[in-house]
Each structure stands twice: as C-alpha cells, then as structure tokens.
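*Asks:* Quick paste from Swiss-Prot:
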type	residues	note
DISULFID	79-156	disulfide bond
REGION	340-363	region 'Disordered'
TOPO_DOM	1-7	topological domain 'Extracellular'
TOPO_DOM	29-47	topological domain 'Cytoplasmic'
TOPO_DOM	69-80	topological domain 'Extracellular'
TOPO_DOM	102-122	topological domain 'Cytoplasmic'
TOPO_DOM	144-168	topological domain 'Extracellular'
TOPO_DOM	190-242	topological domain 'Cytoplasmic'
TOPO_DOM	264-277	topological domain 'Extracellular'
TOPO_DOM	298-363	topological domain 'Cytoplasmic'
TRANSMEM	8-28	transmembrane segment
TRANSMEM	48-68	transmembrane segment
TRANSMEM	81-101	transmembrane segment
TRANSMEM	123-143	transmembrane segment
TRANSMEM	169-189	transmembrane segment
TRANSMEM	243-263	transmembrane segment
TRANSMEM	278-297	transmembrane segment
C-alpha cells in the first residue's frame, strides 16, 4: 500500500467514525423526543440516518479492506450482498434528500396547511416508493450479475460486464444515475428556489417593519441601531446560505462518482484507481454531511441534545473533592468541641473572685 492509498484509508476511517457517531446521535434524538418522531420530517430523517448508519457499518469496512489489501472479500457471495446494499442505500439516500427538500418547501410555502398535506403516514408512503425504486435497481443489478468487486473503486459495487453485455449495462447505469442523481438534484433545486422566494418575501416584510421602527425611534442609541442593521443583513443571507450548503454538499458528494461511473462506460477511458477511491470516499462523506445539514445543527435537535446531556449530568453523582471532605471533617470537629465542656482555668477563676468582691463592696 503506497502513500496515496494510506491517505485514502485514513480519510475513510475518519469518515466511517464520524458517520457512525453523528447518525447514531440523530437516531438517539428521535428515539428520545416524541415530538421529533411524530413529525413527517422526523420520519424522513430517521430513514435517512438509518440508511447512512447501515452504509457506515456494513459497506465502508469492506471498502477500507479493499483499499488496504487490494482484493475482494474471501467469503463467497459476500461481495454481491455488499454491492446490493451499496446500490440500494446510495439510491435511497438521494431520494430521501429529495423528499426532505419537498417537505421543507411544503412547510415554508404552506405553513397553515402543512399538517394536512404531509402527515407521517404520507411520509411513510413516500419512503415506501423510494425503497421500492431502490430495491428495483438493486435487484436488477443482482439478477444480471453486475455486482462484484471493482478494482477501480476498491469496493463491492457495480462492475463492468463482458463486452456483449456492455450496451445493456450502459443503459442500466444511465437510468440508475438519472433516477438516483439527476431527479433528486432537480427536486432539490426547484424546491430550494421556492423556499428562497418565500424567505426573501418574509425578509422584505421584516426589513420594512425594522426600518419604520428605526425611523420612529429617533432617540435610539447608535449601537442598538447598528445591531438591528447587522441582524437585518444576517437575516437576508441566512436562507441563501442554508440552501447553498444543501445543494453544494449534494453536488460535491455525488457528482464526481456519477461522472466517473459514466466515463467508465466509454471504451477508451481507464479510471485511475486513486481517483476512483477518492470519488467513492466523497459519496461516503454524504453520510457525514447530512446529519449536520438536516438534523444536528437545527434548533429542535439542539434542544433535545441539551436536555439529554442535562438529564445525564443530573443522574451522575458528583465525586467529593478534597476541599469538600476537609470542610466536612472541620464541621465534625467543630460539633464535637461544642459538645465537650471547657475546663475552667486558674486565671478565669481569679478574675471571677475579684468581680464578686467588687460587687460586694459596691453593695
């Protein structure tokens, strides 16, 4: 294993560890909070995080072994099963992101009718369609024996068949990426554009109210006025930043792998192994980006995490420090000294006799 493969293996280990931890946190938050579970977006997020968790636990270790050893798993039939999971989970993740973007558009564009338009039951039906579509493509690839170890990507996934089957395989690959990449990207862009329009209208209304309030409050302190203007600028760019991050992560993670897969179909193109492994690692990094983009950085999940940490800290007993133990010992000694009578000294006795004699003389 050369230095390039060692760097890619280290990158894959980091992606695997962060993906396991972040997606497990999302599932733990949804299991802890009943409010998150009953939302339609919560059902979609559970499906997305569960798929990423399975990808990190079952698929990424085999790719790591392929990078380190450069060969297929020794167990018979294991590579076909891992390739089936890889195709299914990648397609399911892309379609789940499209469903989440549609859910966000309905929540922002139709806030009063959102609960009736997309209930958890309808979200389950939507996920059933996504699962059925992903299973159809994975089952077709498994039935045609197109799943196996690909040395260009060091993973168990789709591999090039012999020359007579290349046209069918090319049509299947183009259809798979059209449904699993182009369609979710189009849905993501269209719904994000609608969300951005609604957010821009809301920002314009809030800016009008803010400017009128600043014009009426003439004696307002300049620092407060400047703070209001800064918040106004942040409010304008907040929706654009969130939408841009969602689209950019989707493109950065999926586009290199999809383009490499399509270029692999050209007869005179040979895929470099290091580039193929890097593009595969980028697809795995979507399992790291999605929990932070759609879950952990949002306010409901932050509140649930804070509540879980607070409850955990309340249950754990505090270890007694040396300062507290010294105070306890001092208190015990003080109570003991208060209970024991003090012996009268000779000096105090002489002073008492002198006081008694002085009192008798005055009387």
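Numbering starts at 1 and runs along the chain as displayed.
Using the three backbone atoms N, Cα and C, a Cβ is placed for every residue, glycine included.
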*Asks:* Among 48-68, 81-101, 169-189, 243-263, 278-297, which stretch has the highest count of C-beta pairs below 8 Å with the transmembrane segment (8-28)?
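*Replies:* Most contacts with the transmembrane segment (8-28): 48-68.
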*Asks:* Could you tally the C-beta atoms, other than its own, that fall within 10 angstroms of the C-beta of residue 156 (disulfide bond)?
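*Replies:* For residue 156 (disulfide bond), the 10 Å Cβ neighbour count is 26.
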*Asks:* Which bits of the chain, at least 6 residues beyond where the topological domain 'Cytoplasmic' (29-47) starts or stops, bring a Cβ under 8 A of a Cβ in it?
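*Replies:* Beyond its ends, the topological domain 'Cytoplasmic' (29-47) has Cβ neighbours at 92, 96, 99-100, 103-104, 107, 118-120, 122-124, 126-127, 130, 294-296, 300-301, 304-305, 307-308.
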*Asks:* Looking at the stretches 48-68, 243-263, 278-297, which one shares the most CB pairs under 8 Å with the transmembrane segment (169-189)?
*Replies:* 243-263
*Asks:* Please work out the number of neighbouring Cβ atoms within 10 Å of the Cβ of residue 79 (disulfide bond), leaving out its own Cβ.
*Replies:* 22
*Asks:* Can you work out which residues elsewhere in the same chain, 6+ from the ends of the topological domain 'Extracellular' (144-168), have a Cβ less than 8 Å from its Cβ atoms?
*Replies:* 59, 62-63, 66-67, 70-73, 78-80, 82-84, 86-87, 261, 264-265, 271-273, 276-277, 279-280
*Asks:* May I ask for the residues of the chain that lie six or more residues beyond the topological domain 'Cytoplasmic' (102-122) and have a Cβ under 8 Å from a Cβ within it?
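*Replies:* Long-range Cβ neighbours of the topological domain 'Cytoplasmic' (102-122): 38-44, 187, 191-192, 194-195, 198-199.
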*Asks:* By a Cβ-Cβ criterion of under 8 Å, what residues six or more beyond either terminus of the topological domain 'Extracellular' (1-7) are in contact with it?
*Replies:* 67-68, 70, 274, 277
*Asks:* For the topological domain 'Extracellular' (264-277), find every same-chain residue at least 6 residues outside the stretch whose CB is under 8 Å from a CB in it, and list them.
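*Replies:* Answer is 4-5, 8, 63, 67, 150-154, 160, 166, 169-170, 173.
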*Asks:* Using DSSP, tally how many residues of the topological domain 'Extracellular' (1-7) sit in helix, strand and coil.
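*Replies:* Residue counts in helix, strand and coil order: 5 helix, 0 strand, 2 coil.
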